[in-house]
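Colleague: Below are the features listed in Swiss-Prot for this protein:
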type	residues	note
COMPBIAS	1-18	compositional bias 'Acidic residues'
COMPBIAS	164-184	compositional bias 'Basic and acidic residues'
COMPBIAS	343-352	compositional bias 'Polar residues'
COMPBIAS	364-385	compositional bias 'Basic and acidic residues'
MOD_RES	A2	N-acetylalanine
REGION	1-26	region 'Disordered'
REGION	2-320	region 'Necessary for interaction with CBP80'
REGION	72-101	region 'Disordered'
REGION	164-192	region 'Disordered'
REGION	219-319	region 'Sufficient for poly U RNA-binding'
REGION	270-278	region 'Necessary for poly U RNA-binding and snRNA export'
REGION	334-385	region 'Disordered'
MOTIF	120-129	motif 'Nuclear export signal'
Amino acid sequence: MALEAGDMEEGQLSDSDSDMTVVPSDRPLQMAKVLGGGGAACAPVSNYRTVKHVDSSEESLDSDDDCSLWKRKRQKCHSPPPKPEPFPFGQSGQKPALNGGKKVNNIWGAVLQEQNQDAVATELGILGMEGTIDRSRQSETYNYLLAKKLAKKESQEYTKELDKDLDEYMHGDKKPGSKEEENGQGHLKRKRPVRDRLGNRVEMNYKGRYDITEEDSPEKVADEIAFRLQEPKKDLIARVVTILGNKKAIELLMETAEVEQNGGLFIMNGSRRRTPGGVFLNLLKNTPSISEEQIKDIFYIENQKEYENKKAARKRRTQLLGKKMKEAIKSLNFQEDDDTSRETFASDTNEALASLDEAQEGPGETKLDAEDAIEVDHPQDLDIF
């Protein structure tokens, strides 16, 4: 056995497994203690390495040298030299925690902001709206859905007020916006564009439904002229045909068609173009062959209605002034020796109360004075007033 061991070279193992006994080596543990930190890294490897147990002291010394040489080679191969670290391990381990903390704070900040916006939306009553709001701009997020809803609601309310004022004007002979003027809020609303107030421009129908001649009846001629002019006031056109005759009315219709084809006419202030009916009536007033008496007869009913509206508005203003004066007098306390102030206020109060009595009696005289006569530029001016 010793001879076989002597014949083998250093570091060579025997092929027979029966002669070997696997025992842990005690010497490497002692070497690890002597070497200190450098041998501590090789201590676990010594348990894995197996050596052959022999009785000869020389063989044991050779095996010890082989083991130490192998350990040194093993350490060089598998233990790379330590690299200098720029930062300690403890600091590098704390950085992810800080980064993670910022991310968590950002998430909770976004959640808190979203909850605040949802709370505001709940208070405003917009839970039923469609779609979602883009919150990418965070605090600068614009709730366009709420803006559209509020704009639509305001538009509907404004339309209802206009319809109500129109009904009062048509049925009660009241001007639109009279309530606003009484409350002192008439100047708060912005003037609407012309297209919203008057609608789309009315175009003249040049061909018409059928041809008209002087021999046709006045009713047929008036109906066809009103149709071609797209004029809603057919009674006014009928009076024109009745007073001027079929021939003159047809001539005015032809002149109106020519003016409309050339671009139309502007109203007096130049803010918009006249309607075909307005052009027809303007030509009627500016025709030398038509007398002033005929023009007054044609527009008598419109002028009378306009005069009554102005008179009613004047009475309403006087009545409102009388009420304010009456309330002011009730709020004042006069002394017994202040006779001058009593007489002054009494005279003013009597005039105001007299105007109140006149307003309560009902509609006044309907006779049109010569100096109050009004010439209408075109029929739609009556509705705009």
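Each Cβ is built from the backbone N, Cα and C atoms, and glycine gets one as well.
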Colleague: Quick check on the region 'Sufficient for poly U RNA-binding' (219-319): DSSP residue counts for helix, strand, coil, in that order please.
Modeller: 75 helix, 2 strand, 24 coil
Colleague: On the 0 to 100 pLDDT scale, where does the region 'Necessary for poly U RNA-binding and snRNA export' (270-278) sit on average?
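Modeller: Summarising the region 'Necessary for poly U RNA-binding and snRNA export' (270-278) by its mean pLDDT gives 85.
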